[in-house]
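Before any comments, here is the structure.
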Amino acid sequence: MILNCNPFSGLFLSMYLVTVLGNLLIILAVSSNSHLHNLMYFFLSNLSFVDICFISTTIPKMLVNIHSQTKDISYIECLSQVYFLTTFGGMDNFLLTLMACDRYVAICHPLNYTVIMNLQLCALLILMFWLIMFCVSLIHVLLMNELNFSRGTEIPHFFCELAQVLKVANSDTHINNVFMYVVTSLLGLIPMTGILMSYSQIASSLLKMSSSVSKYKAFSTCGSHLCVVSLFYGSATIVYFCSSVLHSTHKKMIASLMYTVISPMLNPFIYSLRNKDVKGALGKLFIRVASCPLWSKDFRPKFILKPERQSL
């Protein structure tokens with residue numbers, strides 16, 4: 001792997017910590033506030049969990065390599081990165097689609113919302129998506145395991161991205177490439193089409209609304225989601241469908257960095273800055289932590305110096 005970025009080790013560590021802390025705060029805020037126990041925030045907390053796992057697949061290994069000043073990654077570690085990146089990337093994709101469908105039903109069919117979007121159905125869908133991605137990732141890894149690689153092969157990337165790994169294989173990768181593009185098309189284009197259709201219906205419904213308050217609330221919620229969708233799908237499309245246009249290795253790495261690191265890091269800020277409910281829940285969470293008895297004076301450690309007994 002290409003790792004000549006020692007000056008940026010602190011930057012990547014900071015980005016990783018900000019991502020984990022930000023998404024963890026979203027999960028804690030949603031779980032600790034009963035007012036946020038609805039489907040929209042259920043999806044958001046799931047997305048935060050997936051984003052933590054997504055960035056944890058690549059950055060820790062990269063930081064270890066930078067610290068040890070090596071570029072090595074074992075074959076098993078590379079297969080593991082391919083497996084988990086495919087799984088968590090696919091789950092990001094599915095969750096963004098479900099969130100778009102949730103907004104579509106809430107805005108366009110509010111009277112039937114509780115019937116169409118119920119917690120049991122959505123939890124079952126998420127579980128089904130996890131199983132689908134586990135199977136797809138396993139097939140990718142099994143097909144990749146049949147390929148031959150030379151010892152000391154350099155992957156022109158900062159992690160084992162499937163498309164880049166296939167390019168350095170010494171055996172025929174036709175089946176791998178066909179499966180990769182078919183799966184990427186089905187699991188990428190179909191959800192993207194669903195998101196576009198949902199927002200086209202949402203836009204037409206918003207134009208018919210007379211209440212400016214309702215419009216603002218819908219725009220703020222949908223605007224945050226659209227920012228995340230644009231960032232994730234835009235960078236992923238460049239990597240998987242426009243790789244022939246990006247002849248520079250560094251441009252491909254920057255595009256990959258956008259959806260594997262930047263997008264998970266920005267998601268908590270995008271969803272919280274324009275959302276009064278999330279900001280309120282975070283404020284209550286901070287107040288609860290600050291007023292915890294653990295930090296009060298009575299719970300500070302005390303040491304009592306006892307006089308030693310003098311022997312007669």
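Cβ atoms are placed via backbone N, Cα and C, with glycine included.
Note that this is a predicted model, so its numbers are computed, not measured.
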Check Swiss-Prot and name the cysteine among Cys5, Cys135, Cys160, Cys222 that pairs with Cys78 in a disulfide.
Cys160
Membrane side match, Ser32 / Leu79, Swiss-Prot record:
no
Among Asn46, Asn148, residue that the record in Swiss-Prot marks as N-linked glycosylation site:
Asn148
For the transmembrane segment (178-200) and the transmembrane segment (254-273), decide whether they are in contact, meaning at least 3 CB pairs lie under 8 A, counting pairs 6 or more apart in sequence.
no
The topological domain 'Cytoplasmic' (102-120), counted residue by residue under DSSP: helix, strand, coil:
16 helix, 0 strand, 3 coil
Which has the fewest other Cβ atoms within 10 Å: Cys78, Cys160, the disulfide-bonded residues listed?
Cys78
Could you state the whole-number distance in Å separating the C-alpha atoms of Cys78 (disulfide bond) and Asn148 (N-linked glycosylation site)?
14
Look up Cys78 (disulfide bond) in the DSSP assignment and reduce it to helix, strand or coil.
helix
